[in-house]
Amino acid sequence: MTNSPTLIVMIGLPARGKTYVSKKLTRYLNWIGVPTKVFNLGVYRREAVKSYKSYDFFRHDNKEAMEIRKRCALVALEDVKAYLLEECGQIAVFDATNTTRERRDLILNFAKENAFKVFFVESVCDDPEVIAANILEVKVSSPDYPERNRENVMDDFLKRIECYKVTYQPLDPDAYDKDLSFIKVINVGQRFLVNRVQDYIQSKIVYYLMNIHVQPRTIYLCRHGESDYNLVGKIGGDSGLSPRGKQFAQALKKFIEEQEIVDLKVWTSQLKRTIQTAESLGVTYEQWKILNEIDAGVCEEMTYAEIEAKYPDEFALRDQEKYLYRYPGGESYQDLVQRLEPVIMELERQGNVLVISHQAVMRCLLAYFLDKSADELPYLRCPLHTILKLTPVAYGCKVETITLNVEAVNTHRDKPSLNSVSLSVQES
């Protein structure tokens, strides 16, 4: 996707959400197929200095500590270089404060020597409530503070921030930094300042960062109720709900009512089985064509046994490389991820949402939220008549599985063992 690798450089005082943005952005880029890795300077610093004593370590007049911190940055940048030049990485995210021009110039020179593009992401926040909440949610559990009480952590961390403020030089879009590519995210997305976006990948990063928010919300994912085709093992098609599928739709209505969710949005595909499931809820819902099930091409409305008999080569190929395999005249999981990107963007913008979709679609959405690899994605378990409740937390997503106790067929196919794959390839 990118000819020359990109180094994303975070900037900002401590407790401004840099690590949150780094991890979330990395998860998104990996999901869309751009190999990305975070390099967190705090990890390198803790490796170099085994026990953290206090904020004194971050004072700008602590020469010994300043030397250690610079050395850690250089070690981290060497690892960035190895990742981008030797390990097939395309984007590295350097998660550190990088609050001085001297440090940023060092990074720019390093990038120039290695022909890396640089994109800065500066997080600016002057809302004391947001900062305090961030310290309590994330920093209290930091390895820097083993078994410390909240008051002591808050006090030490606020002093640490003051140490950085002394030398902090924000990006200057009008003079010193006018030629750099960057986005300033102000007060967790209330305002943005974007400067000199260079390429497609940087514009994608900007668009993503302008869509995410940190307000608490819950995302519910489930499949349609069991369909008539599920009962006979056929894939694809546009069949309606089976009697048990209709029973699930009623159980889903009861569950949603009991949850008393504020301003819940409901999304479905344009296929009968998801629409019939949503109809039972008695609420307004939106139909999205891009939430339709993976297109099985010539294999639509066939059972796996029929596919194996009629297209043995295709059947074997799909088992070999399920993520990349494309049905003749249809789609691959990789295609599906690209198709679903606007859904992810909209989910990031929204509050509480229930998405009623299909097995392959739900796997793709789940892989994004749970940071699953392309290898794992096609085998994620998304059973019928089961709701997955996703609650975004500090650096990830909490998942709860809710089974509504309505019987359904099992449509999951496990990943075949390597032996059975090689045998079926030889046979075909």
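Backbone N, Cα and C atoms are what each Cβ position is placed from, and that goes for glycine too.
Taken from TrEMBL, the feature active site, tele-phosphohistidine intermediate covers HIS224. Under the three-state DSSP scheme, HIS224 (active site, tele-phosphohistidine intermediate) falls in the coil class.
Look at TrEMBL and you will find GLU293 tagged as active site, proton donor/acceptor. Counting only residues at least six positions away in the same chain, the Cβ atoms of GLY236, SER269, LEU271, SER357, HIS358, GLN359, ALA360, VAL361 sit under 8 Å from the Cβ of GLU293 (active site, proton donor/acceptor). Secondary structure at GLU293 (active site, proton donor/acceptor), as computed by DSSP, is coil.
Taking all protein chains in view, 30 other C-beta atoms sit within 10 angstroms of the C-beta of GLY225 (substrate binding site). Sequence annotations record features per position, and here TrEMBL assigns substrate binding site to ARG223, HIS224, GLY225, GLU226, SER227, ASP228, TYR229, ASN230, ARG273.
The annotation domain '6-phosphofructo-2-kinase' is assigned in TrEMBL to 2-216.
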Cβ neighbours of ARG273 (substrate binding site) where a neighbour is any other Cβ within 10 Å: 27
Largest inter-residue Cα distance among ARG223, HIS224, GLY225, GLU226, SER227, ASP228, TYR229, ASN230, ARG273 [record-listed substrate binders, Å]: 14
Cβ within 8 Å of the mean position of the Cβ atoms of ARG223, HIS224, GLY225, GLU226, SER227, ASP228, TYR229, ASN230, ARG273: remaining residues of the chain near substrate: SER239, GLY240, LEU241, SER242, GLY245, LEU384
Helix, strand or coil at ARG273 (substrate binding site) [DSSP, three-state]: helix
